[in-house]
Amino acid sequence: MECPHLSSSVCIAPDSAKFPNGSPSSWCCSVCRSNKSPWVCLTCSSVHCGRYVNGHAKKHYEDAQVPLTNHKKSEKQDKVQHTVCMDCSSYSTYCYRCDDFVVNDTKLGLVQKVREHLQNLENSAFTADRHKKRKLLENSTLNSKLLKVNGSTTAICATGLRNLGNTCFMNAILQSLSNIEQFCCYFKELPAVELRNGKTAGRRTYHTRSQGDNNVSLVEEFRKTLCALWQGSQTAFSPESLFYVVWKIMPNFRGYQQQDAHEFMRYLLDHLHLELQGGFNGVSRSAILQENSTLSASNKCCINGASTVVTAIFGGILQNEVNCLICGTESRKFDPFLDLSLDIPSQFRSKRSKNQENGPVCSLRDCLRSFTDLEELDETELYMCHKCKKKQKSTKKFWIQKLPKVLCLHLKRFHWTAYLRNKVDTYVEFPLRGLDMKCYLLEPENSGPESCLYDLAAVVVHHGSGVGSGHYTAYATHEGRWFHFNDSTVTLTDEETVVKAKAYILFYVEHQAKAGSDKL
């Protein structure tokens, strides 16, 4: 939408000396001194925290709108001020009076000039920080923010994601996907979306919400988020633009209540796939995939039509084999999948900790075996036998016909019992390297010795007792180091800590792909 309040609210000089010193993304709220989600008022240049922190930016606007009850309003007094502010991290502009993000500018282009000035300040601060880190590397090998890896000292550059109000489910999935190298690199190399019409023609889009409902691009906001996560210019990134697009195209996730991370991941991958099928930023899907010449036709597993990078990387194929127990008729069906949902076998569900000594520990192999074992269907799942011409008792078995490049395994920790959805808090042992999937293949003899091996890339963990509550974090490996992602906080961790986690979603990367022999 075009905001009608810019002319009266945007009064600040683009290069105003009133701006604080340092990096805009780390400016502190003038009230609570928090450096999370800073917003600058475009009327007076004061900095306040966003509504997801302590809401002082909104209170600044509200305090400025106290009506003049004892005086007749002049035309000047009637003008609305302090209504427009700019996010110091994403440079998106918001009007509290319109209660919406802003796409237009003043006649003199002041909004764009302020945006460019903030970018220059950010770049200058980043350059200064790089010089400082270089000096630290030269003068000292012991620094709290430096790590010794393979004999050389390197700086930690991982970026956290700010929690916008129970959005840890989204943050954990985004951090996990950002560490799937093939997947992440593909999106980061896509061209940026630009507006090509109206007053903002030729200008970069900073907030998808400004483009209107018909132009929101999940791919573009996902791309921008991935680019921000590993550039190292800030400690935490605010994914508000992506969150808004998620609200627009995935109504199930509207609001600020806790959501299921696995459900969000499936919706996200499905919608990325559908948007890429339709082409992106004027580049057809086929042209994008054609650039990645190492993707063979056999790897482009199709789900709902033509293949995209989503199905090329996460797509596998299951064979569902059903046998009638009365006449012996066999039915086979091939189903594509992006992830496998595994039950935790019932005999392990009372075992909550790895350190408990009563009975064997549940392993990921136990869950996979339960998924692929021959199963007799109960009375509520009778099979319609075409030979018997009626529903009959039957058995079912899954085989994996084709393994994906990235194997995503979801442990079904939430189950309905009566009217409640309870959590299975059992510890499940999982390997960091060398997960062998050969014994679950339909034709294992046709697979190579290395093609069935997988190494762990990321783990999503749910902390708490219920799907509608608790908290999500993620562990992921990047360049040989393991990180723990807890919203805006990123810390280095070790393999021993990772393997003790009660995994909810596991991302395994094909062994050859991770070794770098197969580049997307």
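Just so it is clear, glycine is given a Cβ too, placed from its N, Cα and C backbone atoms.
The N-acetylmethionine feature in Swiss-Prot is assigned to Met1; the stated evidence is a large-scale study or a structure entry.
Annotation source Swiss-Prot lists zinc finger at 1-121.
Around Cys3 (Zn(2+) 1 binding site), the same-chain residues at least 6 positions away in sequence with a Cβ under 8 Å from its Cβ are Val84, Cys95, Arg97, Cys98, Asp100, Val102, Asn104. Residues or ranges marked as Zn(2+) 1 binding site in Swiss-Prot: Cys3, His5, Cys95, Cys98.
Look at Swiss-Prot and you will find Cys29, Cys32, Cys49, His56 tagged as Zn(2+) 2 binding site. In sequence order, Cys49, Val53, Asn54, His56 are the residues near Cys32 (Zn(2+) 2 binding site), counting only same-chain partners six or more apart with C-beta under 8 A.
According to its DSSP assignment, His60 (Zn(2+) 3 binding site) is helical. Taking the Cβ of His60 (Zn(2+) 3 binding site) as centre and 10 Å as the limit, one finds 23 other Cβ atoms among all the protein chains shown. As annotated by Swiss-Prot, Zn(2+) 3 binding site applies to Cys41, Cys44, His60, His82.
What Swiss-Prot records for 159-511 is domain 'USP'. For the domain 'USP' (159-511), the mean pLDDT of the prediction comes to 82.
Shown in sequence order, Gln258, His471, Tyr472, Thr473, Asp487 are the residues of the chain, 6+ apart in sequence, with a C-beta less than 8 angstroms from the C-beta of Cys168 (active site, nucleophile). Under the heading active site, nucleophile, Swiss-Prot lists Cys168, citing sequence analysis as support.
Among the features that Swiss-Prot reports, active site, proton acceptor is placed at His471. Around the Cβ of His471 (active site, proton acceptor), a 10 Å sphere holds 16 further Cβ atoms from the protein chains shown.
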**Message:** Whole-number answer please: how many Å between the C-alpha atoms of His5 (Zn(2+) 1 binding site) and His82 (Zn(2+) 3 binding site)?
**Reply:** 10
**Asked** Counting other Cβ atoms within 10 Å of each Cβ, which of the binding-site residues Cys29, Cys44 scores lowest?
**Response** Cys44
**Complete:** Note: in the chain of Cys41 (Zn(2+) 3 binding site), residues six or more apart in sequence with C-beta under 8 angstroms of its C-beta are Ile12, Val47, His48, Ala57, His60, Tyr61, His82, Val84, Cys85
**Message:** Give me the CA-CA distance between Cys44 (Zn(2+) 3 binding site) and Cys29 (Zn(2+) 2 binding site), in Å, as a whole number.
**Reply:** 14
**Item:** In three-state DSSP terms, the structure that Cys168 (active site, nucleophile) belongs to
**Value:** helix
